[in-house]
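The structure appears below as structure tokens.
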Amino acid sequence: STMRKRQTTDSPHSSTDRTEGKEKLRLKQEVGLISGVSLIAGTMIGSGIFMSPEWVLYHMGSPASSLLIWAACGLLAVFGALSYAELGTIIKESGGEYIYILRIFGSFPAFLFAYTSVILVRPAGLAAVCLSFAEYAVAPFYPGCSSPQVVVKCTAAACILLLTIINCLNVRLATSIMNIFTAAKLLALLVIVVGGVVLLAKGQTQSFQNAFQNTTASIGAVGVAFYQGLWSYDGWNNLNYVTEELKKPEVTLPRAVMIAIPLVTCLYLLVNVSYLAAMTPSEVLSSGAVAVTWGDKVLGSWAWLISLSVALSTFGSSNGTFFSGGRVCYIAAREGHMPDILSMAHVRCLTPSPALLFTSAMSLIMIISGSFTSIVNFFSFIAWFFYGMTISGLLYLKIKKPELPRSYKVPIIIPIIVLMAAVYLVLAPIIDQPQIEILYIVLFIFSGVILYFPLVRFKCHPRFLQRVTLHLQLFLEVAPTTRDAN
């Protein structure tokens, strides 16, 4: 049965060598409710709320309809996370979508997910966050005009290289940076919310008069607006990547979701209202960095504080994305779906440096070739394709295997709504405004077939690959971690 779990060769409490010590750390159940809420909210609040509002408004055409999109995105994130919470209490393994697809649908679709996630999805997410960091970091040096794309892309590339060094050398430094920068992002959002309340109290409500005027009715435009809004909510499924490390996952998962996501949704709505109180819709649309423009209009000579806070926030978010980036890569390699080198750790630093270096290289390629908005659209297309597959797996388990033990049950209407939304988000832009890039992405996903059968199914590994792995081990000073038995 595909639901059958693998048994580990070593006890999770064993620590006879350093690699087993790393495995022990990975399995230690130390994430409680407060940590779970922080993990979800800290990952969700990244670059999106500072970059996406102008694009949501651009595609929707009116302030009121853009606010409805932000609220709908929050509701969809709650529904998706609650559906994932039930999956997490049935399949109590880390790895998120990858492990659920593997256990429910089997090896082949799980390989396609891992192949696409490791090479496209995670690097695309990191590239988009680093591009938004760069946009805000260089904005103060180009007042009153758009920053040159060459400068923005070089700054984003420098950010990725710095993150690579930090995460490959020291886990403690990486986690400390994440905690410090989470405080910066909350401070930046609170300043914007308070500023918006003051402006509304003074009567600056012109953006909300005839607020639905010019609303678009295009199916594809609404779908792309959802993509831009949902990018800001990305991270709602983060706890499912660390299920093995949760204290009482059956309780912690649903509770953390119900606290964190509504909190972030309210914060996002208030920030958007603040933007529209300070600026007219046309000013929001012409702003390259909407939070910086808000700071210029509201804070005057203190506007640099917003640029600094947002740059720190997005850097911290990209660090968090990078820090967790090796998890799917590691688990997929552990299951034999990725090259062995990607499941190895540095012998002294005990960091998954090969996986991090690979993610870094792919992200640099995406930064060179794409812009923030195009990367987000294609990231969202792939992400919701696999979210839909995962949710359909939950519906299969609810209908065909109701006897499986589960301590939390989500009403069946909720995953049905999420599945319908996923189908809409995947198909709407294709039907309304077909782009050749989406065809390339679909072809890329199914190009995994060419690799799966010889390399994974029939295990035809050319000898030169073993030599390459050995040389990379010596060069990178990495060794295998504890793997699960077949």
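For all residues, glycine too, the Cβ spot is worked out from N, Cα and C.
Since we're looking at a predicted model, the values are computed, not measured.
Per TrEMBL, the feature region 'Disordered' maps to 1-23.
Annotation source TrEMBL lists transmembrane segment at 31-52 (among others).
The feature transmembrane segment is assigned by TrEMBL to 64-85 (among others). Within the chain carrying the transmembrane segment (64-85), a Cβ under 8 angstroms from the stretch's Cβ atoms is held by residues 40, 44, 53, 56-57, 96, 208, 211-212, 215-216, 222, 225-226, 229-230, 232-233, 236-237, 240, 253-254, 257-258, 261-262, 264-265, 268-269, 272-273, 387, 390-391, 394, 408, 410, 414-415, 417-418, 421, all 6 or more beyond its ends.
Tertiary proximity for the transmembrane segment (97-118) is limited to same-chain residues at least six positions away from its ends with a CB under 8 Å from its CB atoms, namely 2-5, 87, 91, 237, 240, 328-329, 331-332, 335, 337-338, 342, 358-359, 382, 386-387, 389-390, 393-394, 396-397, 444-446, 448-449, 451-452, 456-457. TrEMBL lists 97-118 (among others) with the feature transmembrane segment.
Note on the transmembrane segment (154-174): residues 126-127, 130-131, 133-134, 137-138, 315, 318-319, 322-323, 346, 349-351, 353, 356-357, 360, 363-364, 367-368 of its chain, located 6 or more positions outside it, place their CB under 8 angstroms from a CB of the stretch. Taken from TrEMBL, the feature transmembrane segment covers 154-174 (among others).
Long-range Cβ contacts of the transmembrane segment (180-201) within its own chain (Cβ-Cβ under 8 Å, at least 6 residues beyond either end) map to 38, 42, 45-46, 49-50, 267, 270-271, 273-275, 277-278, 291, 294, 298-299, 305-306, 309-310, 312-317, 319. The transmembrane segment annotation in TrEMBL covers 180-201 (among others).
According to TrEMBL, the transmembrane segment annotation covers 256-278 (among others).
Positions annotated as transmembrane segment by TrEMBL: 298-317 (among others). For the transmembrane segment (298-317), the residues of the chain that approach it from at least six positions outside its boundaries are 43, 45-47, 50, 129-130, 132-133, 136-137, 139-140, 159, 177-178, 180-182, 184-185, 187-188, 191-192, 195, 199, 278, 289, 291-292, judged by C-beta separation under 8 angstroms.
Same-chain residues lying 6+ beyond the ends of the transmembrane segment (354-372) with a Cβ under 8 Å from its Cβ atoms: 51, 118-120, 122-124, 126-128, 130-132, 135, 149, 153, 156-157, 160-161, 163-164, 167-168, 322, 325-326, 329-330, 333, 341-344, 378, 472, 476, 478. For 354-372 (among others), the entry in TrEMBL reads transmembrane segment.
Taken from TrEMBL, the feature transmembrane segment applies to 378-397 (among others). Long-range contacts of the transmembrane segment (378-397) within the same chain, counting only residues at least 6 positions beyond its ends with a Cβ under 8 Å from a Cβ of the stretch, are 80, 83-84, 86-87, 90, 97, 100-101, 104-105, 109, 113, 116-117, 120-121, 124-125, 128, 226-227, 230-231, 234, 237, 370, 404, 412, 415-416, 418-419, 421-423, 425-426, 429, 437-438, 441, 445.
For 409-431 (among others), the entry in TrEMBL reads transmembrane segment.
If you look up TrEMBL, you'll see 437-456 (among others) marked as transmembrane segment.
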Under 8 Å Cβ-Cβ from the transmembrane segment (437-456), and at least six residues away from its ends along the same chain, one finds 107-108, 111-112, 115-116, 120, 336-337, 374, 378, 381-382, 385, 429-430
